[in-house]
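S.K.: Found this in Swiss-Prot, in case it helps:
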- 168: active site (ACT_SITE)
- 187: active site (ACT_SITE)
- 232: active site, nucleophile (ACT_SITE)
- 226: substrate binding site (BINDING)
């Protein structure tokens with residue numbers, strides 16, 4: 001079985017919380033744009049996202065007072081390097097996690113962080129995990145800031161400092177489901193967590209031990225999965241997605257997941273920009 005078969009994502013450009021994948025658009029927008037959608041080839045388009053980002057359609061929508069930006073943000077996957085091995089940006093990552101937070105209503109999506117988060121202002125270092133669990137921590141979902149109880153937490157970090165341009169993406173996942181809670185660090189290159197992450201994990205562990213009897217920290221780093229220079233972003237997102245779909249962290253320490261799997265996963269992550 002392919003590793004991609006263990007998760008619930010698909011190559012559709014529609015956001016994954018939508019149950020009807022025949023169209024990603026709301027019924028109102030479908031009706032208003034029928035003439036464009038039926039003749040999308042004349043616009044040089046082969047997808048709905050292409051149609052609603054076409055200059056002629058955007059101009060028409062503006063005249064009619066239609067909010068196409070909201071459609072793109074809440075009903076489509078994030079734009080990104082879907083069919084190539086382009087490096088993922090923080091926007092690619094955060095916009096994907098925000099969309100997953102619509103599908104997984106108990107998932108707290110934390111904005112990306114650079115590795116100097118202990119001295120630079122990043123949400124990652126300010127989050128109180130007890131407040132996350134109790135629904136007292138603010139997060140961005142469906143275009144608005146909300147509070148809601150969450151039993152999972154995910155964030156993608158870059159191993160570079162904020163003064164740099166970025167080096168390598170890694171993942172943090174906190175699982176507050178079940179009897180034994182876990183604070184997990186995943187690095188597709190197989191490297192151990194650096195000091196700032198170790199300190200963060202221990203601090204969060206002490207927070208959670210105030211409300212739960214068993215909490216452990218895990219470094220999921222015993223296998224070097226990644227061999228390419230481009231797939232650290234997809235690997236980091238894949239780890240979070242697999243854990244949301246209840247794939248055990250043990251799967252990542254028992255067998256290598258290949259770069260070829262991540263090339264395919266890109267088609268599950270993004271719509272064509």
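Glycine too: its Cβ is placed from the backbone N, Cα and C atoms.
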S.K.: Counting Cβ atoms within 10 Å of each candidate's own Cβ, which of the recorded positions 187, 226 comes out highest?
M.R.: 187
S.K.: Any idea what the Cα distance is from residue 168 (active site) over to residue 232 (active site, nucleophile), rounded to a whole Å?
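M.R.: Residue 168 (active site) and residue 232 (active site, nucleophile) have their Cα atoms 6 Å apart.
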S.K.: Counting all other Cβ atoms within 10 Å across every protein chain shown, which of the active-site residues 168, 232 scores highest?
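M.R.: Per the Cβ count, the most surrounded site is 232.
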S.K.: How big is the gap, in Å, between the Cα of residue 226 (substrate binding site) and that of residue 187 (active site), rounded to a whole number?
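M.R.: The separation of the Cα atoms works out to 9 Å.
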S.K.: Do you know offhand how many angstrom separate residue 187 (active site) and residue 232 (active site, nucleophile) by C-alpha?
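M.R.: Cα of residue 187 (active site) to Cα of residue 232 (active site, nucleophile) measures 8 Å after rounding.
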